Amino acid sequence: MSFDFKVADLSLAEFGRNEIRLAEHEMPGLMATRREFGATQPLKGAKIMGSLHMTVQTAVLIETLVALGAEVRWVSCNIFSTQDHAAAAAVVGPNGTVDDPQGVPVFAWKGETLEEYWWCTEQALTWPGGEGPNMILDDGGDATLLVHKGAEYEKAGAVPDPSTADSEEFEVVLKLLGASFAADAGKWTAIADRVKGVTEETTTGVHRLYEMHRDGKLAFPAINVNDSVTKSKFDNKYGIRHSLPDGIMRATDVLIGGKVAVVCGYGDVGKGSAEALRGQGARVIVTEIDPINALQAAMDGFQVAVLDDVIDTGDIFITTTGNFNIITADHMSRMKHQAIVGNVGHFDNEIDMAGLAKLPGIVKTEIKPQVHEWRFADGHTILVLSEGRLLNLGNATGHPSFVMSNSFTNQVIAQIELFTKTGEYPTGVYVLPKILDEKVARLHLDALGVRLTELTKEQAAYIGVDVAGPYKPDHYRY
Ligand code: NAI
């Protein structure tokens, strides 16, 4: 078999395959979907373009989609998050060799430039024979954005003008679209028309989808995987509880105990972050704009402050908001010597890296990849992790397999739903039915030795549910 792909080093495939094998044991939900749906092949005919961190766990997701009949092309949704051994193993596949890869086309390596990142995204959206995918599996919405932007410009008959871009990254997107217009007019409209739907992994991508739908711009239906309870209340919280301190430690080896850590945002990711840092013995301060979350943080025992008031006391600053301009260049210039600054919200604009780079007299020193010391004109320095991008993936290996099994089982179920029941989902944004959410949780109980109590018929009738579930109304918050 021969196919196009671009990864760092195929010879890492054996290492990747060994880690995938270990991960499979920790991903019972995904392996159960292979057993349940392997024979019926519900994804036969699906051409899934995936844009999601190319990690070991994602390789297990990819091979599950393939086991269910799908054809897959893949990219990372972040320039630093690829694990090169996982990418190599996904290309080689379980039955291939380095000389005869039999897996899937992956376009991803750790440390892409922005130009390379968007080039990879376009490659994965370009099926051999000129066709595009008929399904997208997205994380953060970049693949969805490229297809929508391309189709919008085509429909308007306008040539994208990079000089109108409001960010360096969007300038790259507009350049790429301009080049693809010249080569293949109508490409993006054709992809948008062919795609049956997208399943979106994260809070930030979901936010974009609801906005597009509100503005009448959404071109195909979407399933919001993030808001399955077994995704956001697990991956966002318990996943970050593991991978945030992992990233800080691998990057800096600084003792977290006794330090003052400031966590911006107390949503699901913020809750996991604050708990993890407290678990390491840090004194944690939270910032919030939402009175409900602020009150939750206070009730959980955290000081809640505004960033300006604690900017010179914090030793570690972590953004988790999904919002932008949370830590400004001015904030950074007022931090303690060697304060650590990192972001675990989806995009890098939570920390004003562009503003930092423009400060007069600022000097950047690479300590090691994804760890930079920035020296201010007065001589004091701060450490910025992963250039302001997701540090838990840039400095560590992201969330561990078990929690990602929950997220990715939702992804597989959502792909099957949209692909096989397309007619039931007019263009809009949906969450999976609660019974499927409960099923995902159920698939992970045995591995942890959880023994679930069964309702009696009488008890079920008393609380007004079915013995087999769902057990809660849709508005229940967990
Ligand atoms: P969320 O909506 O539950 O929490 C965000 C919180 O930030 C909200 O409570 C909001 O009120 C608060 N916030 C907004 N602006 C603020 C400001 N200026 N100052 C202080 N607080 C502010 O969202 P969730 O699920 O916690 O996700 C947060 C981000 O993390 C998103 O970008 C999401 O895509 C990303 N994410 C990252 C993961 C990772 O592996 N690093 C995993 C899952 C999600």
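Every residue, even glycine, has its Cβ placed from backbone N, Cα and C.
Annotation source TrEMBL lists substrate binding site at Thr55, Asp139, Glu201, Lys231, Asp235. In sequence order, His399, Val403, Met404, Asn406, Ser407 constitute the residues six or more apart from Asp235 (substrate binding site) in its chain with CB-CB distances below 8 Å.
Under the heading NAD(+) binding site, TrEMBL lists Thr202, Thr203, Thr204, Asn236, Gly265, Tyr266, Gly267, Asp268, Val269, Gly270, Glu288, Asn323, Asn392. Secondary structure from DSSP puts Thr204 (NAD(+) binding site) in a helix.
If you look up TrEMBL, you'll see 236-398 marked as domain 'S-adenosyl-L-homocysteine hydrolase NAD binding'.
Taking Cβ-Cβ distances under 8 Å and a sequence gap of 6 or more within the same chain, the neighbours of Thr55 (substrate binding site) are Ser81, Thr82, Gln83, Ala86, Leu393, Thr397, Gly398.
Proximity to ligand 1 (Cβ under 6 Å from any of its atoms) holds for these binding-site residues out of Asp139, Glu201, Gly265: Gly265.
When each of the binding-site residues Asp139, Glu288 is scored by how many other Cβ atoms sit within 10 Å of its Cβ, Glu288 comes out lowest. Cα separation, Lys231 (substrate binding site) to Glu288 (NAD(+) binding site), rounded: 22 Å. Here the domain 'S-adenosyl-L-homocysteine hydrolase NAD binding' (236-398) returns a mean pLDDT of 98 for the predicted model.
The NAD(+) site in the record is lined by Thr202, Thr203, Thr204, Asn236, Gly265, Tyr266, Gly267, Asp268, Val269, Gly270, Glu288, Asn323, Asn392, and its two most distant CA atoms lie 21 Å apart.
Here the Cα atom of Thr202 (NAD(+) binding site) is found 6 Å from that of Asp139 (substrate binding site).
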